[in-house]
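Read through the structure below, which is laid out as structure tokens, and then see the notes.
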């Protein structure tokens, strides 16, 4: 019989649907018909709300009879389906159509309409829906008039939408609601950036439409998707099930933001580091209870989207609440744990026969406005629990070996005598009260010392005084030795500084300066001289025949390495060495090496050897050494396994000392090398040790680089370096990479950020090069100076510099996006997209005056993979989905790129930037339109739900750069 009934419904579905579509039923008749179906077939069920109240709602889900009744309302002319519920719907429609009841129409039913919350999910494109859409689902709250019952009406909820120009409004969704709160679902296209929605609600009773039409306010789709703010406040704290419960309320009228429906409360007490979570779905009560809180504690509450487990994720709302003691929340003290014992004291029994007895006394007093009074407690206490712990005691090693003493004491007693294993030990006694419900009071502690003597006497007996004097003498002697060592180190430092200052004056008198030299190409001509104290010296002031001596390179903390030369120039007035500095100093003491000691060819004598930026080990010499025929470096693989890759002999390179890279899980060393045959600079990457893990990692990177197609914004793979290792010829011992002389993007950001935040990096007296003109007040980085230049031709404003810098960052962002697009299109992920792995191709001396063809390149493919199962991630670079246990995909690279964009927006000062409100170090830079584009892109990349692709970001930044060039 059931199978026959199912086949009957299935056979009648198609013609019935066709009839319903061809015969459109007016809403004025359909609404009251649905109301009668709900009254007839709907089931009333009790639902527990977030406010822990009972709500009576009509439940029509999975209700076949109600569905048939609705079908009868829509198909009032169809006669082939003879089911009672279907016929009831048809008869209800006919009665509404033919009967006009004399019932007064109600003027007001709804006072307001709210979108309580919305959750978003992504619907990918398919054959039926060529464009991707966002599915939004949430809760709607209908505020009824005071004397309107919840079950008196049904509601038609329509979702209206409009574009940015607000010229046309269309209905994108219609849904029926049978209660004052219900769920809605509608779609929003992903390609629309500015999209507003609102609700239109029509009300019906069993006779027709009532109360007019109500509207909610307009909400922008971007504000809905960001969900950055929720107005949350504490409503009350109550006693609940032996614990405290905090009731929070959310105010929708105070903000235009629409929160997510799936939320969680992340909280912890001030005395604990454990994070607790309370997941909930926001309902029409706009409240939530957080239960199982401890009394008399302070809690930090954070509201976040559901599924968030990272402390660094920005919260939608936060609050710090103080839970009062239990007795402040109840009228009956028997509902609380007993108060702690008071007047806890001890005495030793000094009788010769009872030397090991200890007497403990205590009282239990009542509450009175938070203070103890002399009245004994009237609430039922079952017993007292006493614990005595032996303490570590001087001159008695046995004390710490004794077991803890535990006694259960009847409630009627207020003192206890018990034996201890050793009276020469000190003890800590703990006392708690336990009531009939096994609730334990706070612990009261007291320390017990031998024979009631002061604590220090029990630890320092008369026989120990000589030992203590000796110990004090040792401590004083050790302190004196450390003080002498500190004074000696300070003296040596001051002596070195004095020598350096003397050499400065001596060289200044001779017309010598130690400068950073910037060139157009790796072997090109000198275009600018920047001395060590960041002062600029025009090239015209330098002797045309520059005699350069390669100096020991300066290593900055996380900074770039620029080559330093000793340059000679003509001084109009010789500089005298101060009298107090007039002492002998030889050239051997200045710490600089002469370049003639490292000549390997006349054409390369003035070339700049720039080490890789990730250097940690200081080297006393940077002589360029000839490579031997046999290399001590670990072989990666035989060359016949990679014979399709260009190879270069190791003996053809001049190699600097290898230096270790500052990065977790790095398996390689880096050095800058010179190919003496081709006269070009390269970066060489070699294994750092001989372990199988290192060799496997290097071989894995080589496999990746051989399949990666070249790209203009990826650091170019130049081939492999081969050599003999032991008795094995033609072994791959290193990976040759394009040399990038400009250092990392992080160093560039730090350089411009420090200028913006500090305005000046040096004072006038810091530079001996500026002594040609003692009245010069030139600031570091001339482009930021508001003074006129030497010819007073024009004034360069800060606004122009910040415009240029912001556009430069957008250009860099476009180039990195293009590199990521290239990687992702090949099915690969980088996994280390940071500003430390983005390199500037050309060198620069002034970060505000770089070459126009400056580009950035993405490098360090040591952890790049094509299979997401093989990803090895840095703990600090894990996107939210990976923390939740999902696979690392291309969107993880986008999240890391968002951190790079945030670093650009904040000019490297990430400690003062907040996710969602990224701030730069300079107001002018922060308020630029191009900086706003960077900031918006960073927010989109750091979203936990939806992120743009690399191609989308590339298009965004390209449009900004094209507009800047027009």
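Keep in mind that glycine also has a Cβ here, set from the backbone N, Cα and C atoms.
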From 183, 843, name the one Swiss-Prot lists as N-linked glycosylation site.
183
Candidates are 23, 214, 791; I want to know which one Swiss-Prot annotates as N-linked glycosylation site.
214
Labelled N-linked glycosylation site in Swiss-Prot - which residue from 126, 775 would that be?
126
Would you mind telling me which one of 372, 758 Swiss-Prot calls N-linked glycosylation site?
372
Candidates are 251, 349; I want to know which one Swiss-Prot annotates as N-linked glycosylation site.
251
Among 429-449, 450-470, 471-491, indicate the range for which Swiss-Prot gives the feature transmembrane segment.
471-491
For residue 62 (N-linked glycosylation site), which DSSP three-state class applies?
coil
Within 10 Å of the Cβ of residue 183 (N-linked glycosylation site), how many other Cβ atoms can you find? Include all protein chains, please.
13
Considering Cα atoms only, can you say which of 62, 214, 251 is the nearest neighbour of residue 666 (ATP binding site) among these glycosylation sites?
251
Have a look around residue 214 (N-linked glycosylation site) and count the other CB atoms within 10 A of its CB, chains all included.
19
Near residue 62 (N-linked glycosylation site), how many other Cβ atoms are within 10 Å of its Cβ?
7
Starting from the Cβ of residue 251 (N-linked glycosylation site), draw a 10 Å sphere and report how many other Cβ atoms land inside it.
11
For residue 183 (N-linked glycosylation site), name the DSSP secondary structure in the helix/strand/coil scheme.
strand
To the nearest whole angstrom, what is the C-alpha distance linking residue 214 (N-linked glycosylation site) and residue 62 (N-linked glycosylation site)?
29
Distance, residue 62 (N-linked glycosylation site) to residue 668 (ATP binding site) (CA atoms, angstrom):
63
Find the one among the recorded positions 62, 183, 670 whose C-alpha lies closest to that of residue 251 (N-linked glycosylation site).
183
